[in-house]
């Protein structure tokens, strides 16, 4: 087993939770950021916080088991384990659907720029987020309770590449038509500025997706291998880096807020005001 030191583990987790909490506070405090896009970014930040919190609680659970305060097969421990698994699944599903919502928002911004504020209102964004989190919460509870069933594991693992493929198709369509769409609205007074801003948002989302895949895909692969070939020597070799894969999930929670701050001048300005009073 490749073991990550506990000090490193908890430091990375705490940094991820703190950074995403700062993003939430900044968006709540700045009324200029009360826009659908930033609502979806808040949803992604909450998902990242849940991922870091899950890995932190799991590590504490393992430490308590080693110290003898908890047993691995008790009823209370089983319920606690199910609750943590549910949190992990909620974090993963929340991240996937938040990225999907951000992608759809960027798509509308680019191709329906003049009607964007009529299509994507704050109320609709709130309804979308309510539906997303209700579905994710229900799914996470169901999957955690029946995780020992192959019929549950297979749809869960298929959902990850399926949603990523859908977002990728949305990207390809978005970038292929962006140039032709830019020519059609080139005659408008502020079209150049808006188009540049919208494409910047699409590029930001591309970075989000790349980071998400790099950080979450190894852990999802670990789940698949642990379920379907736990005794294969090659699978066992890969599963020996379980702690590294878990740390990658928490690194995603650290990197996302940095992308927010680096790509958004308004958010960057809000952070400066918060830190400089």
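Any Cβ shown, glycine's included, is placed from N, Cα and C.
What TrEMBL lists as transmembrane segment is 12-28 (among others). Residues 34, 38, 41-42, 45-46, 48-49, 51-53, 55-56, 59, 247, 250-254, 256-258, 260, 267, 270-271, 274 of the same chain, all 6+ positions outside the transmembrane segment (12-28), place their C-beta atoms under 8 angstroms from a C-beta of that stretch.
The domain 'G-protein coupled receptors family 1 profile' annotation in TrEMBL covers 19-260.
Look at TrEMBL and you will find 88-114 (among others) tagged as transmembrane segment.
Residues or ranges marked as transmembrane segment in TrEMBL: 126-148 (among others).
Among the features that TrEMBL reports, transmembrane segment is placed at 154-178 (among others).
Residues or ranges marked as transmembrane segment by TrEMBL: 199-221 (among others).
Long-range Cβ contacts of the transmembrane segment (241-262) within its own chain (Cβ-Cβ under 8 Å, at least 6 residues beyond either end) map to 1-4, 8-9, 12-13, 15-17, 19-20, 22-23, 41, 44-45, 48-49, 51-52, 55, 58, 95, 204, 207-208, 211-212, 214-216, 218-219, 222, 268, 271. Residues annotated as transmembrane segment in TrEMBL: 241-262 (among others).
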